[in-house]
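Enquirer: Got these off TrEMBL a minute ago, pasting:
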BINDING   ASN9, GLU381  Mg(2+) binding site
BINDING   LYS16, HIS204, LEU205, GLY206, ASN207, GLY208, ASP279, CYS280, ARG281, GLY327, ILE328, GLY329, GLU330, ASN331  ATP binding site
BINDING   ARG87  substrate binding site
ACT_SITE  ASP144  active site, proton donor/acceptor
SITE      HIS176  site 'Transition state stabilizer'
SITE      ARG237  site 'Transition state stabilizer'
Amino acid sequence: MNPSILVINCGSSSLKFALTDPRDGSTPLSGLAEKLGLADASITFRHDGEKNGHPLQDGTHSGAMKAIIDKLDELGLADAVAAVGHRIVHGGERFKESILIDEDVILGIGECSRLAPLHNPGHLLGIRSAMESFPALPQVAVFDTAFHQTLPERAYRYALPASLYHDHAVRRYGFHGTSYRFVSTAAVDMLGKPLEETAMVCAHLGNGASAAAVLGGRSVDTSMGLTPLEGLVMGSRSGDIDPGLFNYLASALDLDTQGVTDLLNRQSGLLGLSGLSNDCRELEIAAANGHEAARLALDIFCYRLAKYIAALVVPMGRIDALVFTGGIGENSAAIRAQVIGLLGFLGFELDSPANERTIRGKAGRITTQRSVPALVINTNEEDMIARDTARLAGLAA
Ligand code: ADP
């Protein structure tokens, strides 16, 4: 049996996992435990194209981990697990690459909790329960922020009093780094040009959305900041706003800072603009049926994205390729067409038939031969985590 990596993405009340073969990215078993800590906690497994699940008797993170081990045993896969890889949202400035987990690393991830209070504490629960369940296996942390640690200071500093950076770690960090690492590497295979010589803008468009300038395989700027709220229009996040809005909304709506933060994170973006949904596919259907607010929401999404892509060319001085990924980037031919239409001045020209057929798991070039290439690439963060974990655990990948 090939040595496989158990990839874990653990939140405060959920635990997503995938058993991944780092050599070919195949996933014989994956699943999701939900509502952890609540009375109706449950777990779902996907194996051989089938989905099944059951309520968890012990609805804690450790209980979920035990259920995963039982399932691995039942399927005869337990002996294949050679290491565990954990997705960690925030690594601050300390973690510039993936790392083998020890007590010091756990402390460091805990220290970054102030920057990601909704994520890092959940990740630590996942690490602790995986260490209990697999005490003999190496565990590796892979950070969403790490890829952007190559940003130069002029890109990551805010124009705020310097003490906020030095004393409170206030700076731009950026996210989706594991996805950017995966797609930028995959893009060079399609472009036939070495990564070191390539200037690309990658757009990860899912419920959260961001874009990054990747020069020679290194991130040089990105649209998300201290938190994932900055930048593009997202499913329910506003992206960039006038910071003056905080004070204005606080007094107009009698909200405290948490109230405004919730409004910007959960009630804005495509959802807020359309008044209908945060889901791009639903909005496309509604817009086609004449829903004006859905049309406007998608229009603003594309306009903001095109502006960001153009701005991200500045740090590189040129663009050799544009990469679309994430649920929207991989599936919405309409969004891609509109964005590329706005970027004609940079040398982009859409190949409409290629764009229309590059959906649902297909990858490839969606611009004409004389255009700067725009590519659709299916991201696979689990695969990247599995590869890092195999490498750091000393397993032949
Ligand atoms: P997450 O960030 O939660 O991982 P995904 O990367 O799965 O999200 O992206 C979810 C988004 O992808 C949703 O807005 C969804 O509507 C959009 N999407 C998925 N399929 C399509 C499609 N065929 N057309 C348009 N949008 C799509």
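The backbone N, Cα and C atoms fix where each Cβ goes, glycine too.
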Enquirer: List those of the recorded positions ASN9, ASN207, ARG237, ARG281, ILE328 whose Cβ lies under 6 Å from any atom of ligand 1, in sequence order, or write none if there are none.
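Expert: So the answer is ASN207, ARG281, ILE328.
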Enquirer: Quick one: give me the count of other CB atoms within 10 A of the CB of LEU205 (ATP binding site).
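Expert: Total other Cβ atoms inside 10 Å, all chains included: 27.
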Enquirer: Which of the recorded positions listed here (LYS16, HIS176, ILE328) have a Cα atom within 10 Å of the Cα of ASN9 (Mg(2+) binding site)?
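Expert: So the list is LYS16.
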Enquirer: What residues, ordered by sequence, lie under 8 A Cβ-to-Cβ from ARG237 (site 'Transition state stabilizer') and sit at least six positions away in the same chain?
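Expert: Expected: GLY208, PRO228, LEU229, LEU264, ASN265, ARG266, SER268, GLY269.
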Enquirer: For ILE328 (ATP binding site), which of the three DSSP-derived states applies: helix, strand, or coil?
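Expert: The three-state answer is helix.
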Enquirer: If you count the other Cβ atoms within 10 Å of each Cβ, which of the binding-site residues ASN9, ASN207 comes out on top?
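Expert: Most Cβ neighbours within 10 Å: ASN9.
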Enquirer: Which has the fewest other CB atoms in a 10 Å radius around its CB: LYS16, ARG87, HIS176, ARG281, the listed recorded positions?
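Expert: With the recorded positions LYS16, ARG87, HIS176, ARG281, fewest surrounding Cβ atoms within 10 Å: ARG281.
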Enquirer: Quick check: of the recorded positions listed here (ASP144, HIS176, GLU381), which one has the Cα closest to that of LYS16 (ATP binding site)?
Expert: GLU381
Enquirer: Quick one: give me the count of other CB atoms within 10 A of the CB of ASP279 (ATP binding site).
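Expert: Other Cβ atoms found within 10 Å: 18.
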